[in-house]
Each structure stands twice: as C-alpha cells, then as structure tokens.
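**Q** Pasting the feature list from TrEMBL:
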type    : residues               : note
DOMAIN  : 35-264                 : domain 'Radical SAM core'
BINDING : CYS49, CYS53, CYS56    : [4Fe-4S] cluster binding site
BINDING : GLU156, ARG176, LEU227 : S-adenosyl-L-methionine binding site
Amino acid sequence: MTSNEIFDLLSARSPADIESLRTQAYQVMVDHVGSEVYFRGLVEFSNECIFDCSYCGIRKSNTAVERYCLSKDEIIETALWCARQGYGSIVLQSGQQSNREFIELIVGGVQQIKQRSRSSVLPHGLGITLSVGEQSKETYRRFFDAGAHRYLLRVETTAKELFEKFHGPEKTLQRRVTCLETMKKTGFQVGTGVMIGLPGQTLNDLANDILFFKDIDADMIGMGPYLVHHETPMNGYRDEIAERKNEIFQLSLNMIAATRIALKDVNIAATTALQTIDQKGREMGLMYGANVIMPQATPRHVRNKYLLYDGKPCVDESAADCAACLEQRIAATGRAIAWNSWGDPCHFFTRTGNQD
Ligand code: 5AD
C-alpha cells in the first residue's frame with residue numbers, strides 16, 4: 001500500500017466511510033488471524049525511569065511520583081495469578097533502566113515464571129512479553145535466553161521533528177529503530193506502535209508510521225491516543241487535546257483499522273488508553289480489527305503509581321474485577337476469548353518460516 005492509500009483510509013470522517021473502513025478491517029482480521037481475542041496479563045512492575053519523555057507521567061523529573069519496584073517474588077506471584085486466570089501470556093512492563101540489578105531482576109523473574117507456570121494447560125509455561133525499553137544487544141540476548149519471546153518497544157512517532165521535540169537529545173529515533181532490529185535478530189517477536197493525536201502530528205505522519213510498521217516487519221502493534229498528564233511539560237496542551245477528544249478517538253480507531261488492512265496478519269492490541277477516552281474504547285478497538293487485550297494485573301497497592309497519563313481506568317478495581325469486567329466487555333462484541341493460549345502473531349511464522 002502507498003502512503004496516499006493509507007492516508008485515504010485514515011481520513012474516513014462520515015459515518016458511511018467510517019463503517020466501510022471498519023467492516024473492511026474486520027474482514028481482513030477474520031481472514032488472516034481469525035476472530036479470537038488473546039489476553040496478556042499486564043504487570044507494571046516498576047515506575048522507576050531514567051528518561052524524561054515530555055508526555056509521560058512517570059518521567060524522571062516528575063518528583064511527585066512515588067517510585068516503586070516490585071520484588072522478584074511479587075512479580076512471580078502476579079504472573080502465576082495470571083496463569084491461573086487462564087491468560088496464557090503476560091506482559092512485564094516498566095519504566096526504563098539498564099542497571100545490573102534491574103536486568104538481573106528481569107532475567108531471574110522470567111526464568112522462574114517460565115519454570116513455575118508450566119501446567120497441563122500451559123505445557124511450555126506462560127508466554128512472556130517484555131516492555132522495558134531500549135537495552136543493549138547483550139541484554140536483549142539475556143532476556144531472550146531467560147525465556148521471554150516477545151518484546152514491545154513503541155517507536156512513539158516516526159516523524160523525526162516530533163520525536164526530537166518530545167524526547168529531547170537523550171533519545172533518538174535511530175536508536176529506537178536499531179533496538180527494534182536488534183530485537184528481531186535476537187529472535188523476539190517484535191511489537192511497536194505510536195501515540196495518536198500528538199500536538200503537531202499530521203495524518204501524513206500517521207500514514208508514514210504505518211508504512212514504518214510494515215518496513216520493519218513488525219509482528220505486533222500497540223497504539224493509543226495521546227493523553228495529557230498534568231505533571232508533565234505537555235500539560236499546556238490540555239485544552240487543545242480536550243477539544244480534539246472525539247477526533248483523536250476516531251483517529252485512533254481509524255489507525256487500528258488502517259494498520260490491520262495494511263499489515264494483515266499481525267496482532268494488534270486494543271489498548272487501555274482507548275478506554276480512557278471512551279468507556280467502550282477497548283471493545284471499539286476490537287471492532288476495528290484489534291485482536292489482543294491486556295487485562296490489568298498489576299497489584300493494586302502500586303497500580304495508582306503507574307500513571308503514564310491522567311484518567312487511567314481500572315486503577316481502583318482489583319485484578320479479579322478487571323478480569324470479570326473485560327470478559328463481559330468482550331462477550332458483548334460477540335468474540336471468543338482464547339484461554340490458556342500464547343496467541344503468537346501469525347506474522348511471526350510467515351516472516352521466519354517457522355511452523356510454530
Ligand atoms: N498518553 C498516551 N500514551 C502514553 N504513553 C506514555 N505516555 C503516554 C501518554 N501521556 C505510552 C507510550 C509508551 C507506552 C508504554 O505508553 O507510547 O510506549
């Protein structure tokens with residue numbers, strides 16, 4: 001697909017155009033990955049971060065945040081809870097660090113989760129996805145060898161000026177891309193994504209983002225609307241973003257649909273950020289071609305400390321409540337949940353030639 005074709009898909013505004021985009025995307029999803037929904041229990045195990053991304057509520061300079069890092073045992077217990085729920089896969093996510101202690105926590109945690117989550121329904125243990133930022137080639141290798149087999153690293157935006165504006169000099173687009181390539185070479189199933197509705201971001205930028213996902217041959221995509229966090233330098237955009245709320249929400253859904261149409265056999269997540277704008281945001285994401293949902297599994301005593309943006313839902317619910325609520329929401333879309341399944345992206349097997 002060309003950038004112009006993707007641009008046209010993203011431009012859908014009238015109810016008729018939107019519905020035609022949605023049904024096309026839904027059909028592509030059914031044809032290429034089926035209609036089942038895969039769960040990944042989301043464990044936000046630490047909000048400590050060495051970076052200062054200007055959109056993010058847990059940026060290093062935000063001194064109002066109480067920092068935490070779960071112990072290895074807590075991480076393992078939470079993962080095993082997910083296995084007992086039938087989630088099949090988990091995502092371990094945190095702010096970014098690269099010190100020895102942090103790396104060892106992840107390596108040790110992953111090894112033990114793999115061992116201890118094996119059961120008759122999960123003979124190879126939980127599927128483990130890491131979302132812990134830019135790391136060295138050696139570290140990626142250690143994570144992979146420990147048993148993690150997927151890695152998420154959003155590129156955030158592929159528009160160079162925007163990337164630089166929101167990250168400052170300490171992060172570069174080139175390094176993100178290099179990390180994604182290294183992760184792929186290491187053997188990971190690789191996920192990336194962007195934020196939608198960033199101030200100054202154009203439809204053309206978003207069309208190019210989708211072309212980037214295709215170029216880098218991503219297996220998984222996670223995208224959501226940009227939402228303001230009041231303790232960030234971007235709080236000044238609050239009114240502008242509030243005014244554009246409906247537009248950004250629809251644009252986020254159009255991005256999911258256009259990505260499904262362009263990439264076909266990848267996994268696409270209906271992210272929590274969608275639900276922050278609209279109560280039914282995640283279900284809507286599923287209707288536009290997403291096939292993955294990440295139920296909140298972070299222990300409740302730290303959950304309100306992992307706030308990347310204002311208005312995050314499910315902060316006060318228990319993990320069990322979140323599970324029940326999501327099940328109902330998905331049932332309402334008429335889709336079946338694939339329990340006790342890794343739900344690997346079909347694209348990974350096509351791209352690598354592995355059987356599975
Ligand atoms: N609004 C929406 N998404 C955000 N993220 C970080 N901060 C925000 C925000 N203010 C997203 C980034 C990151 C992911 C973990 O959360 O895309 O990669």
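Cβ coordinates come from backbone N, Cα and C, glycine included.
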**Q** Roughly where does the domain 'Radical SAM core' (35-264) sit in mean pLDDT, to the nearest integer?
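**A** The average pLDDT of the model in the domain 'Radical SAM core' (35-264) works out to 98.
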**Q** Using only the Cα atoms of GLU156, ARG176, LEU227, which the record gives as binding S-adenosyl-L-methionine, return the largest interatomic distance in Å, rounded to a whole number.
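**A** Largest Cα to Cα distance for the S-adenosyl-L-methionine-binding set is 22 Å.
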**Q** Relative to the Cα of CYS56 ([4Fe-4S] cluster binding site), which of the binding-site residues GLU156, ARG176, LEU227 have a Cα no more than 10 Å away?
**A** LEU227
**Q** Can you list which of the binding-site residues CYS49, CYS53, CYS56 have their Cβ under 6 Å from some atom of ligand 1?
**A** CYS56
**Q** Around the recorded [4Fe-4S] cluster site, report the further residues of that chain (criterion: Cβ within 8 Å of the mean position of the Cβ atoms of CYS49, CYS53, CYS56; site residues excluded), sequence-ordered.
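**A** What remains near the Cβ centre is PHE51, ASP52, TYR55, GLY57, ILE58, ARG59, LYS60, GLY95, GLN96, LEU308.
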**Q** Counting across all protein chains shown, how many other Cβ atoms sit within 10 Å of the Cβ of CYS53 ([4Fe-4S] cluster binding site)?
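**A** The answer is 22 other Cβ atoms.
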**Q** Enter the number of other CB atoms within 10 angstroms of the CB of GLU156 (S-adenosyl-L-methionine binding site).
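**A** A count of 23.
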**Q** Take the C-alpha atoms of GLU156 (S-adenosyl-L-methionine binding site) and CYS49 ([4Fe-4S] cluster binding site) and report the distance between them in angstrom, rounded.
**A** 17
**Q** Report the same-chain neighbours of LEU227 (S-adenosyl-L-methionine binding site): residues 6+ apart in sequence with Cβ closer than 8 Å to its Cβ, ordered by sequence.
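**A** Looking at Cβ-Cβ distances below 8 Å from LEU227 (S-adenosyl-L-methionine binding site), excluding near sequence neighbours, one finds ILE241, ALA273, THR276, ILE277, TYR309, ASP310, GLY311.
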**Q** Near ARG176 (S-adenosyl-L-methionine binding site), which residues of its own chain have a C-beta under 8 A away, given they sit six or more steps off in sequence?
**A** GLU134, LEU153, VAL155, GLU156, PHE163
**Q** Please report the three-state DSSP label of LEU227 (S-adenosyl-L-methionine binding site).
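**A** Once the DSSP labels are grouped into three classes, LEU227 (S-adenosyl-L-methionine binding site) ends up as coil.
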**Q** If H, G and I count as helix, E and B as strand, and all else as coil, what does DSSP give for CYS53 ([4Fe-4S] cluster binding site)?
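**A** DSSP call for CYS53 ([4Fe-4S] cluster binding site): coil, neither helix nor strand.
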**Q** Based on Cβ atoms within 10 Å, give me the single least packed residue among the binding-site residues CYS49, CYS56.
**A** CYS49
